[in-house]
Structure formats: structure tokens, C-alpha cells
Amino acid sequence: MAAAKKHILVLGAGISGLQTSLSLLRRGYRVTIIASHTPGDFSPSYTSPWAGGHWRSHAGTSPSDSALRSYDSGTYKAWTQMLNAAYTTRDAKGRAESAVMGIRYKSICFNPPKYLDYLFKKVQELGVKVIKISVDTASGLSGVVRSVKVVLGKNGLDEVFAMVNCTGLAARHFLENDEAKSLFPIRGQTILVKGEAEMTRTLVGIPDAPESEMLYVVPRPGTGTTILGGCKQVGNWSEEVDKELNERIVARMKRFGLCDELRGQGGDFEVLSYQVGFRPGRTGGPRVEVEDKGKIDGIWVVHNYGHSGAGYQNSIGCAEEVLRLLEPLSIN
């Protein structure tokens, strides 16, 4: 339809920005991406490459989590449809020793940097224009809109009718105080080890461990590596690797036998690297909605950020919600 030919600016090129762009392009919109980081960059402030890379819903059963359940299930359904003959299933083993409850389900594991590269290549094949630049955030949301208009003009591009804000934690730099205060980092620290674990596993509620620490094992298929974690440290901005935390992760992996298949003859893991990243936390969960102030400098703004550690698993579901929100705006 004619409305679908309209030009949309996506701000941000993490998992949310790239998936939103791809969904928009497939619906027929023209898309431009403006981002300070793109796939291939490895900065703690660019969260997406550091993820473990598996589907595990964080949603509960309460009515307040209904949107989150919808986002997660939408992505799960889409991913399972993408699987081809190369897809491998593995039988789940028993739960960890001393665990009081276990949940077994079919999950999907992937290599986040490769998946980001796939999405980035796909959107470019479909005609997206990518402009790698930082925009002015000192003058609030209206200043960001003005800044992107200038960038578009300098690149010979026509104005957009809508901007989708997929900036994650960076949104705190230009949103109003109350909303900015709702955004916070959830620091993660992981260990990349040699070998692919038999399956993804998660263990929470570890005895004698702070609530912010848990265990998870996430194989990265096709890479011969696995991510071991980890922690969810709310409000912690430290980019330094915590050596003591690494030691606790390794000791607990051995204690509970979560991935003994990765241990060598001497009983140790072959560590390849350590990494730190910041999940984009938000009080109240993800914000996927139209800016309530109406058009900003003649442009509609749709927000899609605050996904915490669930950015991948609700990426497609959230992108579909963005499309739903844009549809009536396109007609006006």
C-alpha cells in the first residue's frame, strides 16, 4: 500500500534496531539507520555482541507480563520457522545436583555476533542506508529529532515521517528526567571457553551466592565455543573484569557439573576471553509505544528500548509491535 512507502529513521543498530529495520523493510517501508555502533564494533556500551545467545523467556505469569510474553513467543515462533536441515536437537540431561526444581524446554542457541552480521547484511541487501554517526543528545528528544534531520539532509536523504528509538541505555541522555531515571545498567560478565556445550543450562538461587549471581551455559553453535556466566549487577557501570567473579563462576560450574563435557583432562576449562557488557534495564520493562507528546518537530517517534537481558528473544515480537503502532500513523 502507498503508506508503506514512507521513509522511517531507526536510531540504533543493536539487535532491536536491526530487527526493527528488517521488519519495516519487509513491510515495504524505506528505512535509514543512524547509529554510533554497528556490527563489528565491540564496546561495553554496545550490548548486543556480548550476549550469550539463547531463547529463555524472562516473563512471568502475571497480567503485567502479558506484553513480554507476547514479544518472547513471537520471536520464538519466528525463529523456529527459520530453522533448516542444519538444526540440531539434543536431549536434556538431569538437573543439577541439589536443585529443588527444574524446568526442561526446547530452546534455541546462536552466535550473537554472527546473527548481528546476518541482520546487518540483510537490511543492506533490502536497501537500507546506514549512517554511522553520533547525534546530539544534549537538547532532549526534540534536539535528537533536529539532529537526525540535519544528518539526513547532509546525506541527501528526504525527511522521514517517523523515527524509531532503539538506543537502549543511551536513551537516558535525551529523554525527560522521570523516564531517564527509569533506565539503568545491568552489568553482565561472562567467560568464553573452548568447546560447545551439549545444551544451554541455567541455574539460579545458588546457595551462599548473592542474588545478582547465577550460572548459565550458552553454546555458540558453529564456533566451537561456549559462554559461561554470570551475573546481573543492577546499577554497576564498571567495565573492569572482576577476577574474583570469574573464579566463582568457574568454581560453581565445576561444583554443580553444568558443563563437565567442556573440561579438559586436568579438569579445567580452556578460557579464551573474558567480557563485560551492560544490559539496558528499565523499571516497568520494555517501552514499546508511540511518544505520548505527539509529533516532535513534525515527526512521529516510536520507542523500542529497555529490554534488559531479553533483547534477542523479544526482538521480533517487539518489531511486530512497532509495525502495528506505525500502521495508523502511516494513514494520517
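Each residue's number is its place along the chain shown, starting with 1.
Cβ from N, Cα, C; glycine included.
Sequence annotations record features per position, and here TrEMBL assigns FAD binding site to Thr47, Ser48, Val135, Thr167. In the three-state DSSP classification, Ser48 (FAD binding site) falls within a helix. In sequence order, Gly14, Ile15, Pro112, Leu116, Gly311, Tyr312 are the residues of the chain that are 6 or more apart from Ser48 (FAD binding site) and have a CB within less than 8 Å of its CB.
The Cβ of Gly309 (D-dopa binding site) has 19 other Cβ atoms within 10 Å, all protein chains considered. The D-dopa binding site annotation in TrEMBL covers Tyr216, Arg279, Gly309.
As annotated by TrEMBL, domain 'FAD dependent oxidoreductase' applies to 8-79 (among others).
If you take every residue in the domain 'FAD dependent oxidoreductase' (80-322) and average the pLDDT, you get 92. Per TrEMBL, the feature domain 'FAD dependent oxidoreductase' maps to 80-322 (among others).
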**OP:** Have a look at the binding-site residues Thr47, Val135, Thr167 and say which one has the shortest Cα distance to Tyr216 (D-dopa binding site).
**Re:** Thr47
Original post:
Taking the center of the Cβ atoms of Tyr216, Arg279, Gly309 at the recorded D-dopa site, which other residues in this chain have a Cβ no more than 8 Å from that point?
Top reply: Ala51, Gly52, Ile186, Gly188, Gly229, Gly230, Lys232, Ser308, Ala310
Subject >> Subset of binding-site residues (Thr47, Val135, Thr167) lying within 10 A of Arg279 (D-dopa binding site), CA to CA, in sequence order >> reply: Thr47
Original post:
What's the CA to CA span in angstrom from Val135 (FAD binding site) over to Gly309 (D-dopa binding site)?
Top reply: 25
Subject >> Largest CA-to-CA spread of D-dopa binders Tyr216, Arg279, Gly309, angstrom >> reply: 16
Original post:
How far is it from Thr47 (FAD binding site) to Gly309 (D-dopa binding site), counting Cα to Cα, in Å?
Top reply: 9
